[in-house]
Amino acid sequence: MALNGQIPLSTADCERLQSSLNQPKSKINSRQDVVDRHALHEFSRAEPKLNKDPLREMQPSPKRKQQAQVDSFNTISAEEAKIMKQERQKMIDRARFLALQQDDRVRQFNRMLQTRYVLKENEALVKLHQKEKRISQEQKRHYDDEMRSRQDEYVKQEKEKARLKQLSNQALAAYQAKQIRENQMLREKAMQKEKEEGERIRRLGESYAQEELRNQARQRLESRKIYSKYRLEDASSKKLQREMEASKLDLEEEKSQPKQNKQAEKFRNHQLLIENVREKLAVRLKEQAAANAKKEEEIISRALAKQDAQVSKKQKEKEEKRAAMIKSIAAHRERVIQEKKQKEQAKRKSNMDWLEAQKEANKQFRQERAQKAQKARETAMECREVNQNLISQQRACAEKLRREESEAELRNAERAAERDKDMEQYIERELLLLAANTEGHDLHVDCKEPSCSCKKTEEYIDLPKLAHDQMLCIKQYLDCEHPPLSMMTRNPPPLPPLVKKSTLQLHEVNLQS
């Protein structure tokens with residue numbers, strides 16, 4: 001470092017300072033704004049004159065024009081000087097603030113405060129990690145207990161369901177066996193009853209047929225007796241009628257005897273003729289009666305034959321109807337028996353199907369339960385494997401982190417040793433320079449930890465150790481962010497004012513004029 005009170009700066013630092021000086025601020029007007037505002041003001045001032053005398057304004061004198069330019073340049077220079085003064089004052093304030101920040105007491109206070117914050121943050125982080133770990137362990141234990149209780153409850157429920165299912169199946173099987181026995185007994189009773197009913201119907205049919213035959217024979221006999229009686233009555237009535245006619249004729253002859261004496265011969269002759277005719281008529285009547293009787297007998301025989309045929313036909317029809325009825329009854333009985341057998345077979349088949357379905361369902365349920373148990377075991381094994389893998393990965397990561405931390409500690413120790421050596425040399429140089437400039441003050445630096453302890457009074461003040469990577473990073477950042485104390489206590493070299501090219505041209509024109 002130079003001892004003549006001047007600070008050598010690199011080109012990068014000069015460019016940085018110049019760019020910081022040239023950078024306009026939001027609250028400070030730039031040169032272009034000042035020039036535009038000044039030109040607008042001049043134009044507003046010159047506008048009335050232009051309106052009053054346009055011809056004169058169109059031909060301005062060179063002297064007036066030159067005076068206006070000079071006035072505008074003076075105004076711009078004053079504005080620029082004011083702006084430069086404001087910027088210089090800001091730089092001075094910034095330098096004073098940085099110098100104050102580089103003071104040992106301020107840095108000591110900041111370090112102690114930062115250390116306190118870091119310690120509190122570390123304690124809070126440790127507590128938070130412990131709390132999170134405890135909460136995670138409690139949650140895991142609670143989850144394990146809950147899963148264990150759920151699994152036990154599920155196993156208990158499955159066992160209870162299986163037991164109830166087995167009991168229900170046994171009760172159902174017993175009930176079905178009882179129903180089958182009762183149905184068999186009812187079916188046997190029904191068959192016996194139907195058999196007895198069929199036998200009774202058959203006996204009734206036979207007795208009815210015999211009674212019909214006896215009634216028909218009795219009716220035929222009665223009809224023959226009635227017909228013979230009718231013939232005898234008819235013959236007796238005809239004979240009685242002839243006798244009555246003969247007696248009537250005799251009575252008439254006796255009454256008409258006197259008259260008939262005369263005509264006796266005629267009457268006898270006539271009577272003979274009549275007798276002959278009567279005899280012939282009687283013979284004819286007898287023949288007719290015999291023929292009629294024969295015809296009637298034939299008619300009666302035909303009627304009887306017809307009646308017998310009708311009776312036999314009716315009997316045959318009745319027998320056919322009875323046979324058909326018996327056949328239909330037998331067919332109906334057989335059909336009913338077949339239907340009952342089919343129903344019983346269908347019911348037995350449905351029961352067997354239901355039993356098979358129940359057996360299949362039970363088998364499937366047992367298989368599913370076994371699959372679920374196997375899946376649960378596989379899932380538990382997978383979870384255990386995943387947990388073991390995670391534990392091994394965590395252990396590997398922890399081992400890797402420990403190795404990296406140990407390596408980082410070694411590197412940091414080496415860097416800290418180098419940095420402490422450099423800082424010790426730097427502090428010695430700075431103290432020599434500061435002692436030369438300030439004619440010696442009572443300052444002391446410990447050789448073990450330079451820049452971490454200083455003597456302000458009769459005793460030393462120990463600053464906190466930088467034993468954490470975050471604190472080391474903060475220290476490096478502070479050392480890089482803030483320049484050395486000797487650089488900030490010196491006044492910066494004066495820089496030339498920054499002006500635009502147009503301003504320089506106008507200034508040259510003004511000087512020439």
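Cβ coordinates come from backbone N, Cα and C, glycine included.
Note that the structure is a prediction, hence the values are computed from the model and not measured.
Here's what TrEMBL has on this protein:
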COMPBIAS  17-32  compositional bias 'Polar residues'
COMPBIAS  33-56  compositional bias 'Basic and acidic residues'
DOMAIN    101-431  domain 'Trichohyalin-plectin-homology'
REGION    15-72  region 'Disordered'
REGION    133-157  region 'Disordered'
REGION    247-266  region 'Disordered'
REGION    331-351  region 'Disordered'
Within the same chain, where does the region 'Disordered' (133-157) have neighbours whose Cβ lies under 8 angstroms from its own Cβ atoms, ignoring anything closer than 6 residues to its ends? I mean 6 or more beyond.
376
At a C-beta cut-off of under 8 Å, are there same-chain residues at least 6 beyond the region 'Disordered' (331-351) that contact it? List them, or none.
176, 180, 183, 187, 190-191, 194, 198
Take every residue in the domain 'Trichohyalin-plectin-homology' (101-431), average their pLDDT values, and give the whole-number result.
79
